[in-house]
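Asks: Attaching a single structure in structure tokens format; questions to follow.
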């Protein structure tokens, strides 16, 4: 499969100063990893950790706002207070460090700033320990933000639809939300228009329409694919199906043969005299649907007469159902995470989507799998790493919510590759560090979509100096992910790369560090350099500031040129 080229458009230079620290317990200010990382482009902090305020005894939100008010000059907030510049989005407890985690959104005169989210950690004694996330600087000095003339949101939707060039059938009604948008060196008001549809081909587009001029500033497709965007045919006609979204009945255990011919046990539901692929035995209900080669979602709940799913047509559903359960089990057993949102959200999968559709995707609410054309792909639900990959996109969406474009998008993809691989190892069916090897080019053995051990094997970079800097594929998501994939492989397995020797710490610790970094420290616009800081901090939390694990994280990022 010919890969599309990718791009990076993120700040290149990041100066890092690290100060000595021992241990990792937030409760003891002497045992905190101390790091200051500055964004040289905007000349303000993007990741800072240490005993930043001392014990205050105050509530976490007050501690964060007090700190930001005292550091207004560093963060270039102008005359506005921190309370006017940030909105608290979420407050949660972190059991690992016995701290409170505050997630925030930067705003300007009440309007959110696109991609500018922050996360802070405050210890139980009221001391700020970590503040992560770049802040858009000097908004009060931006001339375009003084312009109050704006087109209507409906007009912005119309402009986006015209640029799209097709008349789609929408899954979700188009909407336009006003943001402050940083367009290169210029900052302006823009409507972020979301166009989410399946016909004529799947798309979840985000358009950025300048609010005063109506100009299209940027656009990208947020549909989280396992492979580069596919142009294989899907049926144009998608008549409304009579879908049974769920049934009531008795829990049963059936069997079925998967895409590769192996037999699996399946948790099903007996309702009346029929057996449905509905698993009620976990903390989240798992549903598997049949699109019947159409493009309406979710399709019909998969049904069988005897609870034996051995027909060739059943195979895609067998694997989608079983592997979704295994992915749930991995996250629950390893991190005590209850489904993608950590609150028991149902896991929905649809198979036999479209006609010979060569991809799989997370559309923001469920998983969708094509059958493949039999040449480039077989049924895409046949790879557990593919299913783990796609469901991890959902975990990310509910956690850091990494923007699916440029460097943050490549990080998003790499995280999905990491956990897709770890889910494959958890299931222990011939696991490896290749992505999609079970479903890619079924007539050709030994190849895959991507390789984490050697990204260059399939044309992906394995070092930051080799990154692609074009504009295809959302600016870097499926190729520049190779840089982080190589880093993750080295962290788990060790090795020497680009003259840097890495001491491996094993795949379990790799998963623990990346899960913590993604859920506790990464923000919407996290760059590779910020990811390094977040991963180092996560390792310090888990294993101590002077631990071998912290040293290995630093080595692994240095080995791929990320400082």
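The backbone N, Cα and C atoms fix where each Cβ goes, glycine too.
Per TrEMBL, active site is recorded for 390. Annotation source TrEMBL lists active site, proton donor at 478. Marked as compositional bias 'Basic and acidic residues' by TrEMBL: 229-243. The domain 'FTP' annotation in TrEMBL covers 84-134. Annotation source TrEMBL lists domain 'PepSY' at 153-219. Annotation comment: TrEMBL describes 254-397 as domain 'Peptidase M4'. The annotation domain 'Peptidase M4 C-terminal' is assigned in TrEMBL to 400-562. Residues or ranges marked as region 'Disordered' by TrEMBL: 229-254, 452-472. As annotated by TrEMBL, signal peptide applies to 1-27.
A description of the local structural setting of each listed feature is requested, covering burial, neighbours and distances.
Replies: Annotation note: residue 390 (active site) sits in a helical segment as assigned by DSSP.
Cβ neighbour count for residue 478 (active site, proton donor): 26 (other Cβ atoms within 10 Å of its Cβ, all protein chains included).
Averaged across the domain 'Peptidase M4' (254-397), pLDDT for the predicted model comes to 97.
Under DSSP, residues within the region 'Disordered' (452-472) fall into helix, strand and coil as 7 helix, 0 strand, 14 coil.
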Asks: Can you count the other CB atoms that lie within 10 A of the CB of residue 390 (active site)?
Replies: 27
Asks: Between the stretches 84-134, 254-397, 400-562, which one has more Cβ pairs under 8 Å with the domain 'PepSY' (153-219) than any other?
Replies: 84-134
Asks: Rounded to a whole angstrom, what is the C-alpha distance between residue 478 (active site, proton donor) and residue 390 (active site)?
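Replies: Pair distance, Cα basis, whole Å: 13 Å.
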